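For reference, the structure is listed below as structure tokens.
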Amino acid sequence: MKFFALFIYRPVATILLSVAITLCGILGFRMLPVAPLPQVDFPVIMVSASLPGASPETMASSVATPLERSLGRIAGVSEMTSSSSLGSTRIILQFDFDRDINGAARDVQAAINAAQSLLPSGMPSRPTYRKANPSDAPIMILTLTSDTYSQGELYDFASTQLAPTISQIDGVGDVDVGGSSLPAVRVGLNPQALFNQGVSLDDVRTAISNANVRKPQGALEDGTHRWQIQTNDELKTAAEYQPLIIHYNNGGAVRLGDVATVTDSVQDVRNAGMTNAKPAILLMIRKLPEANIIQTVDSIRAKLPELQETIPAAIDLQIAQDRSPTIRASLEEVEQTLIISVALVILVVFLFLRSGRATIIPAVAVPVSLIGTFAAMYLCGFSLNNLSLMALTIATGFVVDDAIVVLENIARHLEAGMKPLQAALQGTREVGFTVLSMSLSLVAVFLPLLLMGGLPGRLLREFAVTLSVAIGISLLVSLTLTPMMCGWMLKASKPREQKRLRGFGRMLVALQQGYGKSLKWVLNHTRLVGMVLLGTIALNIWLYISIPKTFFPEQDTGVLMGGIQADQSISFQAMRGKLQDFMKIIRDDPAVDNVTGFTGGSRVNSGMMFITLKPRDERSETAQQIIDRLRVKLAKEPGANLFLMAVQDIRVGGRQSNASYQYTLLSDDLAALREWEPKIRKKLATLPELADVNSDQQDNGAEMNLVYDRDTMARLGIDVQAANSLLNNAFGQRQISTIYQPMNQYKVVMEVDPRYTQDISALEKMFVINNEGKAIPLSYFAKWQPANAPLSVNHQGLSAASTISFNLPTGKSLSDASAAIDRAMTQLGVPSTVRGSFAGTAQVFQETMNSQVILIIAAIATVYIVLGILYESYVHPLTILSTLPSAGVGALLALELFNAPFSLIALIGIMLLIGIVKKNAIMMVDFALEAQRHGNLTPQEAIFQACLLRFRPIMMTTLAALFGALPLVLSGGDGSELRQPLGITIVGGLVMSQLLTLYTTPVVYLFFDRLRLRFSRKSKQTVTE
């Protein structure tokens, strides 16, 4: 009583306290960062190593395996995968959430150093690492195009000037430059001309290498001066290499231009990049795992004018893709939803109280509670994201509940003629414990979420803490500011009603009278109600088992990624044509705004595309509907497949794949894996629950297998090293010399001119100079035949691995796909030597599925414990918790009705319902107990009176919560995929629980009271005996 009086009779102090809370919240809001979701990125580090010319199998055994053994010893590594292709190996290390990325990077460098002695000696450089996840979609893509500069020159500007500067910006983890390679002098040899002149490829290589050197020449010095010696020992351009003498034949000089075409070109001609059908260089920027995407993008944009000034005016630098606009639009939508929710909640209060003066009180209490929460969010290191703003939207209905309960009870005393200050004190005292019970039990619901580990726990923590803080501030405001305002603002009489509102008042009275009559009938037919309650419990279990489930709602971020997978024997020229064809099909779609793509590198048969869709208000279809439409058109393109997926704000794992979900096959027997992977992939491709099934197993590439006749080689005076050097010189784009420039280093690349390597007969034109100086054709000592060879070798841990990726067809959920895959694996009878498991997001979904029921049970148990402590009773908490089955049924039925799978967002809705619907029961039980103790009423009379007296606040709080969540259901635009499942769950649960709990709660109350009396009689009889 004294606590309440302290604030009621000291209005200035109470007002200033509320102002202080509001000011702190405003300051916190201004400093809060903006993000699409809470920080849930796993720390990921990518290790790269190269050995030019080495086969994928050689890279896997000699480079990947030693590194994996050393890196696998690092503490906190949750997953390690590797992919080895022609000349390169990439190892992805995913760490536990609590692992510091900088500390992990130091351990990675130490592990690389420890493995250095086990790596091949021919590696051009030590393995390197980057603190970025290559499977993440870029946060921004910049393109460079020009009508005057070549692709190589553009690549040089991008990699030498732009990429290093962008990499230094806070939050940037990696800048990947694609679409071409660095400039180089290319020497394309004519094998027939070489044969005619008696010049070997090694002769050419040695001559070029000896003619382009950069060595110190020293200095001249006398008594007074010093002269640095400088020579023209370096050749810079193709024109300078052209006249180079490489051999003398019969006294005549054989120049390089006589046997080769020398051009200023690029290091690797098997690279191509495009933007909207125009050749381009792409800068794909990825953020650090812990970085804020909006802040990073803003920093890059602020740097762009300065970057533009560092490159020539003839180069066009454009932003081809930016992830931030849809994120900003989504957050704006949530903010608008929050404002609408606040307005609707206040409207509900006004309709019930029918007094503008009384409505001002919750209209003040709600903003104070919500704004004050921003200060706590800032102190906790949170951000303004979809989940935290959704928490505040839902909190609108909660925070007004406390004010409503206090306000309604005070208003009831005023209507009875009590003086305002006395009514404020008496009314607050009566419901103070009720409000405390409602708030503490609601916060208790989220305790299991706060203790939940892994990605789901990290994802939901901000939501739970934000909502809990809002409820805590609301509790303080409802017991201080609200009664003070009631005592000083409200009058001791019934408020005058406007004529337009009298109809609503009469309707409410009629509804209350009808409820009273129906409640009397229910209390006389308790068995029927008990059966209905048991039926709802059984229905809950059946609905939960049968409802489709997924991890996280599929988002429409306005960005698509596409992976091209062509025949494994395709040439680069043909692959570049496929890229152009696919880009044209997509670019012609009316919903597409921009398309960029690239192909080449170590995997010639693959490519990537990044597609920006038009804003949501400029297209009528969702990203998934656009993908479905494009899939039909793309399927008509022969020789290659383009797999599209919508970019998501959450992606788990470091595997780069062509689809959203992964299923990984592991085996210590590589032959068994290669035998069973095609069988499993073909089986999964037939399942209707899966779409876009593809695999990263590339073991069917075309190979020309040469077999040396060693005896013949020995007789002809040729060794294997000379023969291998011949092949590398001719076909390996061999880098034979370095050109040093002030800003960078460039290579001289030698190979047989592509004009002479169009078919297998090119091998017949190759020859080796033996130890007697004679030209020996390759065909004299080698035979060749076509064969198959892997384009890549993949590991997970230290086991051979193959990952099958898939998307979900429209109307199918991840639970459907998971069950279908498990059935297919059982039907195929896969041997124990081949193990299958879900990876990435699908793996987290499996783990979350196993913990969902436990989490719900833990929340219910926590609420029971809190209520038991508050009521000092084992029975009354059960009465209050009896409201939950009806809410669960309503929520699950609503999800089914809207064809929405049960996701992590829907789980949040279920947890919220546990806190919301029990409020009705708390108000009934509190007043019934009070009536029994002080009114000398029977239990049935007490609960009947409590139900009628609390009918208006129950309707007000329920409708406030319902209208607070309704904008989430009805909202469209960016980010609505996240908001709608939460709103659907809450609205569905509230509607069903309101219909049933008004009747089931009093019945359960009477049931447990009779049970209590029965046990007390037995106890008395036992004592008497």
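Heads up, the Cβ atoms here are built off N, Cα and C, so glycines get one too.
The topological domain 'Cytoplasmic' feature in Swiss-Prot is assigned to 1-6 (among others).
According to Swiss-Prot, the feature topological domain 'Periplasmic' maps to 30-335 (among others).
Residues of the topological domain 'Cytoplasmic' (354-359) grouped by DSSP class, helix first, strand second and coil last, total 4 helix, 0 strand, 2 coil. Summarising the annotation, Swiss-Prot assigns topological domain 'Cytoplasmic' to 354-359 (among others) and lists sequence analysis as the type of evidence.
Confidence in the topological domain 'Periplasmic' (380-388), given as mean pLDDT, stands at 90. Residues annotated as topological domain 'Periplasmic' in Swiss-Prot: 380-388 (among others).
Taken through DSSP, the topological domain 'Cytoplasmic' (412-430) splits into 15 helix, 0 strand, 4 coil. Annotated topological domain 'Cytoplasmic' per Swiss-Prot: 412-430 (among others), in sequence order.
Beyond the ends of the topological domain 'Periplasmic' (454-467), by six or more residues, the same chain brings 37-40, 42, 97, 373, 376-377, 380, 382-383, 385, 387-388, 390-392, 394-395, 398, 446, 650, 652, 844, 847-848, 851, 904, 908, 912 to within a C-beta distance below 8 angstroms of the stretch. Taken from Swiss-Prot, the feature topological domain 'Periplasmic' covers 454-467 (among others), and the record attributes it to sequence analysis.
The topological domain 'Cytoplasmic' annotation in Swiss-Prot covers 491-852 (among others).
Taken from Swiss-Prot, the feature topological domain 'Periplasmic' applies to 876-894 (among others). Only residues 6 or more beyond the boundaries of the topological domain 'Periplasmic' (876-894), in the same chain, are considered here, and those with a CB under 8 A from a CB of the stretch are 441, 533, 536-537, 539-540, 543-544, 547, 860, 863-864, 867-868, 902, 906, 909-910, 913-914, 916-918, 920-922, 925, 929, 984-993, 995-997, 1000-1001, 1004-1005, 1008.
Residues annotated as topological domain 'Cytoplasmic' in Swiss-Prot: 918-947 (among others). Residues 401, 405, 430-431, 433-434, 437-438, 441-442, 515-516, 519-520, 523, 863, 871, 876, 879-884, 953-954, 957-958, 993-994, 997-998, 1001-1002, 1005-1006, 1009 of the same chain, all 6+ positions outside the topological domain 'Cytoplasmic' (918-947), place their C-beta atoms under 8 angstroms from a C-beta of that stretch.
The annotation topological domain 'Periplasmic' is assigned in Swiss-Prot to 971-984 (among others). Here the topological domain 'Periplasmic' (971-984) has long-range neighbours at 326, 329-334, 336-337, 386-387, 390, 394, 553-556, 558, 616-617, 891, 894-895, 898, 900, 903, 905-906, 908-909, 912, 965, meaning same-chain residues at least 6 beyond its ends whose C-beta is under 8 angstroms from one of its own.
What Swiss-Prot records for 1008-1025 (among others) is topological domain 'Cytoplasmic'.
For 7-29 (among others), the entry in Swiss-Prot reads transmembrane segment.
The feature transmembrane segment is assigned by Swiss-Prot to 336-353 (among others).
Residues or ranges marked as transmembrane segment in Swiss-Prot: 360-379 (among others).
Among the features that Swiss-Prot reports, transmembrane segment is placed at 389-411 (among others).
Residues or ranges marked as transmembrane segment by Swiss-Prot on the basis of sequence analysis: 431-453 (among others). Long-range Cβ contacts of the transmembrane segment (431-453) within its own chain (Cβ-Cβ under 8 Å, at least 6 residues beyond either end) map to 4, 398, 401-402, 405-406, 409, 460-461, 463-465, 467-468, 471-472, 474-475, 478-479, 851, 855, 858-859, 862-863, 865-867, 870-871, 880, 911-912, 914-916, 918-919, 922-923, 926.
Beyond the transmembrane segment (985-1007), the same-chain residues lying 6 or more positions past its ends with a Cβ under 8 Å from any Cβ of the stretch are 394, 515, 518-519, 522-523, 526, 529-530, 532-533, 536, 878-880, 882-883, 886-895, 897, 905-906, 908-910, 912-913, 916-917, 920-921, 924-925, 928, 939-940, 943-944, 946-947, 951, 954, 958, 961-962, 965-966, 968-969. Among residues of the same chain six or more beyond the topological domain 'Periplasmic' (380-388), those with a C-beta under 8 A of the stretch's C-beta atoms are 29, 32-39, 292, 330-331, 334, 459-460, 462-463, 465-466, 975, 978-979.
Taking residue pairs at least 6 apart in sequence, the transmembrane segment (7-29) and the transmembrane segment (389-411) share fewer than three C-beta contacts under 8 angstroms. Of the two recorded stretches, the transmembrane segment (468-490) does not lie close to the transmembrane segment (948-970), with fewer than three CB pairs under 8 Å once pairs fewer than 6 apart in sequence are set aside. Count of Cβ pairs under 8 Å against the transmembrane segment (336-353): among 7-29, 360-379, 853-875, 895-917, the largest is for 360-379. Residues of the topological domain 'Cytoplasmic' (918-947) grouped by DSSP class, helix first, strand second and coil last, total 26 helix, 0 strand, 4 coil.
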